[in-house]
Amino acid sequence: MATPPPPQLSSTSTQPPSPSSASSNPQQPSPPKTQPPLPRFLDNDPARTGYDPTVKWWLNYFRIMTGQVTREGVEHYREDRYKANEARDCARCEADRAYLFAYSPTIRFLRDKVAALNGTLDETNVVCRRCPARVAEDGRVVRQGGGFSPEHGILICANEMRDRSHLEDTLAHEMVHAWDHLRWKVDWSGGGNLRHAACTEIRASMLSGECRWTRETMTRGNWTLTQQFQNCVRMRAIQSVMARPTCRDDVHATKVVNEVWDSCFSDKRPFEEVYR
């Protein structure tokens with residue numbers, strides 16, 4: 001399968017939107033001398049988890065419903081079902097992607113703004129794929145809904161998309177990253193300074209619609225009425241920064257997000273307001 005071409009780079013060299021919060025503090029967080037160890041992931045052991053992939057799926061489903069499978073086993077079961085339904089999930093994702101490019105006001109607006117910076121986002125570099133999830137030794141489940149790469153474009157994790165609205169939020173999030181990449185010289189690697197990553201994650205969570213009140217209440221069960229939007233954006237930005245290789249821990253991620261919060265949360269570009 002051919003690798004999708006990257007979005008074309010823009011010649012714009014304006015600096016990213018963090019002058020007030022980032023430049024006022026000359027103290028840069030020093031990069032860790034050694035990278036934190038990579039998490040170890042668990043393979044399924046039927047004797048430990050209760051999930052046996054050699055039997056019919058509905059028998060495992062019954063065992064899950066009757067509490068005979070551990071939480072880890074449920075995740076391994078889910079992953080195997082994703083593998084079995086990969087073709088169906090990717091076909092549905094591609095159909096929804098085509099619909100959103102044709103009819104979604106948010107997606108069409110962002111695509112036009114990316115094109116204005118000499119970039120291209122279409123079906124050749126916005127791809128739907130199955131994204132494997134893994135269970136770490138500490139019980140954490142590592143999964144993602146999508147991703148952006150300056151070299152390859154946008155990845156949509158077809159197996160994680162609940163519906164077209166969820167895909168719209170995910171695609172808008174990654175398109176904000178693409179716009180930031182073309183508009184500014186974003187340091188995606190971290191390079192000891194995670195402020196670029198923190199800023200673009202704040203903006204993507206804020207502008208994509210993934211933190212709107214209806215999404216938080218109906219999907220995530222968060223019925224908080226005060227500061228719900230700000231808390232959601234901050235939490236998701238911290239989680240994304242924590243996934244960067246140069247981030248030491250949650251304290252480090254929180255510190256970096258707080259340093260750029262005021263300037264990046266107030267920057268609505270390329271929109272005029274938060275519409276979703």
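Placed from the backbone N, Cα and C atoms, the Cβ positions cover glycine too.
The region 'Disordered' annotation in Swiss-Prot covers 1-46.
If you look up Swiss-Prot, you'll see 9-27 marked as compositional bias 'Low complexity'.
Residues or ranges marked as compositional bias 'Pro residues' by Swiss-Prot: 28-39.
A simple way to gauge crowding: the CB of His177 (divalent metal cation binding site) has 23 other CB atoms within 10 angstroms, across all the protein chains here. According to Swiss-Prot, the divalent metal cation binding site annotation covers His173, His177.
Per Swiss-Prot, the feature active site maps to Glu174; the stated evidence is sequence analysis. Listed in sequence order, the residues of the same chain lying 6 or more apart from Glu174 (active site) and placing their CB within less than 8 Å of its CB are Gly146, Gly147, Phe148, Ile154, Leu155, Ile156, Ala204.
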His173 (divalent metal cation binding site) CB neighbourhood, other CB atoms within 10 A: 25
